[in-house]
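K.L.:
Dropping the structure in here first, questions after.
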């Protein structure tokens, strides 16, 4: 946890919605380190999702610079960002974003088909405890199971970073804990840098570091001296 | 298999109903293209090969009697590569077991065997012995129609002499691919035959030894046909030349030309309509799918799929629809081509089996169909690539409804809310609504294009048989006869009334425009054979004046009151300036009429007749035929009652087939457009409609919104469809028009009504299918899904 894997410098993001300009990010300087599990905490509209999208190469910063190791993401065009996402990043979304017409295994395969050195889909699903649900379609699974398929899909390509946008947002507390267990397990086992964004303050207790957001700015960074295991968290 | 491919196949399977609705429209385009373009090529290629191999002549001419020595001068015309002079004549046939007379055209065969030009192909038996006077070879269709083979015999009255002829063989000739007798409307192989006889026998029978009355020329490549025709006319003029002409006027060839032209225009007009509608439907459906799969597109991009891969994925979905359409289109097209080939076999006599659509036509049709599907998909696929992943995964903004002028007008109407929803939905997507209206309008137009021909044919039949040619039979004399022959005809058994007509071969000229056509001279009191004007009044040629058919006048740029130069051909070599006194409506042939007494006076001759129209007592018809078979000087008979019956039967059959095919096509278009439109609407409005149900609207009320929008568009499509249908019918009648025949544009209210009923009915059926889905909608699930 020494070298920064992400580094941002005065990143801003302005959305132009016809008349009014919305400053989603108003100058963010942040470093995220290899192997850490960071929680970005803040209310809705605080800019954390926007930052995650920029870190994941899904969106462009308006001004400022972002580096992934030595690669300056802010200098890449769409094609370069696609390459970056394909090779380095795994995503987990609030609404799972599974393809309804593909089974669990096939949803994972969607990623392994285009990844450089993926693990077999079955292995990825095994890692999230779904080896018994390989051939089920999303509609046949619970929300927690669907989110774990999404995690399996994200980790199957052995990404260096795992970016999770409100991964428990659509789940009840008990199911949410299962999902967090899966994320922590991956982080522990593979040392995958994991960024979890949430507005749920309870989740911060499992992180190495907590970055607080408000109105497009970082309002504080705290280090958890004693982390809690997900099963010890409730909300 | 890649996961994305699995998604593709499963999406395709899930969307099968919509995909099928589109594929069927596309298949119509493929099938019609395959049939019309394939048959166009097959017919053209086969004809070209047949003409080439059997040396079909380029220029033809008939004359009264020219000496054989003239052929050397004809051969010396620059550009003439071959000359075939022969003797032909019309004969009355007495076929064993047939009550009615049949007509034959006798053609002389050179001593050496087959002629160098228009070479017939021996199909069975052998050629007649050059020295024989009783042996003939006949055209194969005639032999088949009577069950004749080599060795069979029948009687013929040749130039007044009855003799027994024996068939030695059967032939097919490039001159008679479409074998139609004088005055006939359709081939009648029982009633009309071609007889090839040794030259010596024919010459002796027609008193033409050392002479010819028909000549055909083959030209070298690059020779000006018109110049040769002029030179040939100059040579034949002193010998009663009736005007030389090219292949375009040769009867059999001009019918094939007309068929080829109609296939070509079908191939050019109809398939693009279907491909256009398919492209629109693909665009509409795929656009909706991409809207629904926004989040998945975002995900694919987030995990590293490139824009190209995402676009290809959706293009391939359209490609699968295209493949389905091509598969169905090929199957149906092959079947249709086969059916058309069978139909052609009844009318066209080709020696070889040609009716196979070549493989490249299949390939071309597939390429066009895939391009149409691709074109429809490309906009939607590009929209997918333009979605940035972060935006794609956020919910789409609700559609923007603006308060425009229309909206204010709607508000002023104070309509109930469901009606407002319907109208706003239409106005919100004006392009889609407009294209839906256009698609349904095309279905109406296609339906009208099929039904109007029935009424047009009725008009033709009424005009030709009931207004103009009211005689039961027309007797054709081999040469002009003194008018006293009509007395003999009147005394024949069963003859109730007789009228004589004089035919004068002529070329009509107006400035640089000219047309060869016979002028028929008839008495002012002529009642069996009449000319009728546009208002349905009988027009009688005044002394010294001409009545022209409207189409002939148009071709010559003449109007009533104009003067026309008439150069008479054959034995009457005089040129007169005649006034155009009036116009007659005529759909078959290009007629010209003048007063009988004026005509005879003009040529300073005692009254003569070329034909006699007769009214027959049906009870004595058999007795009349028995006498006609032996009547000297008779070259042929045309039984108009039989012609009419055959014409009506063939038409009834063809019109029924055509109406069925077009009705199916109209229904397919309608279902394709209406079903997909309603499905897309249901998909867009599912939440809205479910909300209304939760608010307490009944199923019927909610489905009224869904049905209302599609049916409102369908109703709006009707006047547009009538207009397009009128234009299409006009284009069809223009495409059909030739010197041989014209199709009048008759659009009765029933035609409009029928087309509208079919399209509105099919629209309602399609939308009711979608309504069933609405009834099954899981209200809670719909409200829960994120959109």
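Glycine residues also receive a Cβ, built from the backbone N, Cα and C atoms like all the rest.
In TrEMBL, annotation is done automatically, which means it is predicted and not curated.
I grabbed these lines from TrEMBL:
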DOMAIN    B:23-234  domain 'MacB-like periplasmic core'
DOMAIN    B:273-389  domain 'ABC3 transporter permease C-terminal'
DOMAIN    B:661-774  domain 'ABC3 transporter permease C-terminal'
TRANSMEM  B:20-40  transmembrane segment
TRANSMEM  B:269-291  transmembrane segment
TRANSMEM  B:312-333  transmembrane segment
TRANSMEM  B:353-378  transmembrane segment
TRANSMEM  B:429-452  transmembrane segment
TRANSMEM  B:655-675  transmembrane segment
TRANSMEM  B:723-743  transmembrane segment
TRANSMEM  B:750-770  transmembrane segment
K.L.:
Compare B:269-291, B:429-452, B:655-675, B:750-770 by their Cβ pairs under 8 Å to the transmembrane segment (B:20-40) and return the stretch that comes out on top.
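P.N.:
So the stretch in question is B:269-291.
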K.L.:
Thinking of Cβ pairs under 8 Å, which stretch from B:429-452, B:655-675, B:750-770 has the most of them with the transmembrane segment (B:723-743)?
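P.N.:
Highest pair count goes to B:429-452.
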K.L.:
Determine the mean pLDDT over the domain 'ABC3 transporter permease C-terminal' (B:661-774), rounding to the nearest whole number.
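P.N.:
Averaged over the domain 'ABC3 transporter permease C-terminal' (B:661-774), per-residue pLDDT gives 87.
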K.L.:
Can you tell me which parts of the same chain pack against the transmembrane segment (B:655-675), counting only residues 6+ beyond its ends and a CB-CB cutoff under 8 A?
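P.N.:
Residues 17-18, 21-22, 24-25, 28, 274, 277-278, 280-281, 436, 439-440, 442-444, 446-447, 449-451, 453-454, 457, 710, 714, 755, 758-759, 762-763, 765-767, 769-770 contact the transmembrane segment (B:655-675) from elsewhere in the chain.
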K.L.:
When the domain 'ABC3 transporter permease C-terminal' (B:661-774) is classified with DSSP, how many of its residues are helical, how many are strand and how many are coil?
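P.N.:
Looking at the domain 'ABC3 transporter permease C-terminal' (B:661-774) with DSSP, the answer is 98 helix, 1 strand, 15 coil.
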K.L.:
Write out how many residues of the domain 'ABC3 transporter permease C-terminal' (B:273-389) are helix, how many strand and how many coil, based on DSSP.
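P.N.:
Per-class counts: 99 helix, 0 strand, 18 coil.
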